[in-house]
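Feature annotations, courtesy of Swiss-Prot:
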type	residues	note
BINDING	Q189, Y217, N222, E238, D298	S-adenosyl-L-methionine binding site
ACT_SITE	C323	active site, nucleophile
ACT_SITE	E357	active site, proton acceptor
Amino acid sequence: MQALLPIEQYDSLLAEKQKKLTALLAPFHAPALAVFPSPVQHYRMRAEFRIWHDKGDFYHIMFDQRTRQRYRVDCFPMASQLINQMMDTLLPLLKTNRVLHHKLFQIDYLSTLSNKIIVSLLYHKTLDEEWEQAAKQLKASLLQQGFDLQLIGRASKQKICLEQEFVDEVLTVHGKSYVYRQVENSFTQPNAIVNQKMLEWAVDCTQNSEGDLLELYCGNGNFSIALAQNFRKVLATEIAKPSVAAAQFNIAENSIKNLQIIRMSAEEFTQAMNGVREFHRLKGIDLNAYECNTIFVDPPRAGLDEETVKLVQNYDRILYISCNPHTLCDNLQHLCQTHRIEKAALFDQFPYTEHMEAGVWLIRK
């Protein structure tokens, strides 16, 4: 079964999102939205499928979000062309080897614009030497067919990487290329084309900035790497170890000299800035050496907690990317007491869904 996309409805669906976000931001006197559309198909760079075993056959399935009924997926138009090519090639190879398909229950795909892909095979069994040998043969066969891939096996408390657990993406921001290491099973922006547009918008907002930038929740450095060119120094926080390691690689790979990553949560950083407690992880970093008058936040769906909102209000300029406009508006109730919205944007990261990615650029009143 092919999960068809209503491509002919794309423009009207995006217009509806624009209308909704405009209405949500209206109480805060936001200017007209800049709207950044997505490609209408092949826009998702990652996908996860359950595997359904049926009378000696097996295939990718997904579950209908409303009915929870499973349905077969032989191709997936919202995923990148590379993922579709891999889906088409991989399953026939798995079917020829019982060691590889026995108790296989899920396959995860992570692809890049740089034409690399990670395939993760998830099992309800312990992976042994026999599995590893079969997996090496599978990888060799896929390499022979022209795929640039990493193959990973996962089971309970077990992970086998045949080579490495990451791929290096290349994103272009206003004509300049940046390398981003993306680690399997870690967060990456799902829509790479729209991500590039988000980065360009953020760079444009912060052009001609003075002083330093603080970023909370930096992930693999997606934004801070591109924004570093606009600031004297950048200080960024992230809690997940794999993301911090990827960010450190990205800093070195892109020759960014003015960006420092520290591994702590936004809440912990707030405590450090307010002098509530000291952190060993900040040893050797002089927070007083930073003159951060701009802050960038890209929080989880829950938005910023109350203490972080207070921290953010201390900065003259606030760049806020949100994956949940409702919690963004909750935060704006407080932020707009001290700041005004200079620019606002809608990024269509998730076409054909109700999800909206929003950006606001706030300046102190």
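A Cβ is built for glycine as well, from the same backbone N, Cα and C atoms used for every other residue.
Projection of Swiss-Prot feature records onto the structure.
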{"residue": "Q189", "record": "S-adenosyl-L-methionine binding site", "CB count, 10 Å": "25"}
{"residue": "Y217", "record": "S-adenosyl-L-methionine binding site", "CB count, 10 Å": "22"}
{"residue": "N222", "record": "S-adenosyl-L-methionine binding site", "CB count, 10 Å": "28"}
{"residue": "E238", "record": "S-adenosyl-L-methionine binding site", "CB count, 10 Å": "25"}
{"residue": "D298", "record": "S-adenosyl-L-methionine binding site", "CB count, 10 Å": "21"}
{"residue": "C323", "record": "active site, nucleophile", "CB count, 10 Å": "18"}
{"residue": "E357", "record": "active site, proton acceptor", "CB count, 10 Å": "24"}
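When the CA atoms are compared, no binding-site residues among the candidates Q189, Y217, N222, E238 lie within 10 A of the residue listed as 'active site, proton acceptor'.
According to its DSSP assignment, the residue listed as 'active site, proton acceptor' is in a strand. N222 (S-adenosyl-L-methionine binding site) carries a helical DSSP state (H, G or I). According to its DSSP assignment, C323 (active site, nucleophile) is coil.
Taking the centre of the Cβ atoms of Q189, Y217, N222, E238, D298 as the S-adenosyl-L-methionine site, the nearby residues of that chain (Cβ within 8 Å, site residues left out) are F187, E215, C218, G219, N220, G221, F223. When the Cα positions of Q189, Y217, N222, E238, D298 are compared pair by pair, the longest gap among these S-adenosyl-L-methionine-binding residues is 16 Å.
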